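A.B. asks: Okay, so Swiss-Prot annotates it like this:
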- Gly2: N-myristoyl glycine (LIPID)
- Ser29: phosphoserine (MOD_RES)
- 34-61: region 'Disordered' (REGION)
- 39-49: compositional bias 'Polar residues' (COMPBIAS)
- Ser50: phosphoserine (MOD_RES)
- Ser56: phosphoserine (MOD_RES)
- Ser58: phosphoserine (MOD_RES)
- 73-92: region 'Disordered' (REGION)
- Lys142: N6-acetyllysine (MOD_RES)
- 180-222: domain 'CHCH' (DOMAIN)
- 183-193: motif 'Cx9C motif 1' (MOTIF)
- Cys183-Cys214: disulfide bond (DISULFID)
- Cys193-Cys204: disulfide bond (DISULFID)
- 204-214: motif 'Cx9C motif 2' (MOTIF)
Amino acid sequence: MGGTTSTRRVTFEADENENITVVKGIRLSENVIDRMKESSPSGSKSQRYSGAYGASVSDEELKRRVAEELALEQAKKESEDQKRLKQAKELDRERAAANEQLTRAILRERICSEEERAKAKHLARQLEEKDRVLKKQDAFYKEQLARLEERSSEFYRVTTEQYQKAAEEVEAKFKRYESHPVCADLQAKILQCYRENTHQTLKCSALATQYMHCVNHAKQSMLEKGG
């Protein structure tokens, strides 16, 4: 003990699966072992046999180096953990932003779709209303046309009947006053006598007297019938 420094032979055994070394129950990585080898005094020697490493260092020095290397490894691990945590947070933020953008895009698309559907429904209702109004107007016009045709037919019938009745009345009226030549035979004889005796009309005086008597008799007969 005293001022002498005790030394012990420490064996570093390699782990085939995890590429680390066990030092008295402490698992060290190859990076730690390499740094320990590089920082060891020039008087220390390393030995290699069957994949194992040997090093002669003091117990205190070994503990110090192991503690330092473990602290470095821990700091490195914490730094890497912080980096991974930062990257994870950044990834989460990016994912959240992407999800928000996607949600907004879906919402905008949904709103646009709903607006388009609303416009389509409104247009359909307008077309239905216009079609209903047109059908109503068409039915009204057809009804009015039918009434006009009926009125025209009735007017034609009444007009025809009235015309026929008026024609019959006029015809009956004129038939009632229909006249025939009076004393037609004597009138013809007088005309013939006047043509034959142009310069001797007195020869026709006897026929003229008979014609006048015939006319007067006819007038008297008509007056008697009318009275």
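Cβ atoms here come from the backbone N, Cα and C positions, even for glycine.
Walk me through the surroundings of each of these features.
C.D. replies: In the three-state DSSP scheme, Lys142 (N6-acetyllysine) falls into the helix class. Other Cβ atoms within 10 Å of the Cβ of Lys142 (N6-acetyllysine), summed over all protein chains shown, number 10.
Per-residue confidence over the domain 'CHCH' (180-222) averages out at a pLDDT of 82.
Using a 10 Å radius centred on the Cβ of Cys214 (disulfide bond) and all shown protein chains, the other Cβ atoms total 16.
Packing around Cys193 (disulfide bond) is summarised by its Cβ count: 17 other Cβ atoms lie within 10 angstroms of its Cβ, all protein chains included. Secondary structure at Cys193 (disulfide bond), taken from DSSP and collapsed to helix, strand or coil, is helix.
For the motif 'Cx9C motif 2' (204-214), the list of distant contacts is 182-183, 186-187, 189-190, 193-194, 197: same-chain residues at least six beyond its ends, Cβ to Cβ under 8 Å.
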A.B. asks: So what's near the motif 'Cx9C motif 1' (183-193) in sequence-distant terms, Cβ-Cβ under 8 Å and 6+ beyond its ends?
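C.D. replies: Residues 203-204, 207-208, 210-211, 214-215, 218.
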A.B. asks: Using DSSP, what is the helix/strand/coil residue split across the domain 'CHCH' (180-222)?
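C.D. replies: Going through the domain 'CHCH' (180-222) residue by residue, I get 35 helix, 0 strand, 8 coil.
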A.B. asks: What are the DSSP helix/strand/coil residue counts across the region 'Disordered' (73-92)?
C.D. replies: 20 helix, 0 strand, 0 coil
A.B. asks: Name the residues of the same chain, 6+ apart in sequence, whose Cβ is under 8 Å from the Cβ of Cys204 (disulfide bond)?
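C.D. replies: Within the chain, Cys204 (disulfide bond) has Cβ neighbours under 8 Å at Ile190, Cys193, Tyr194, Asn197.
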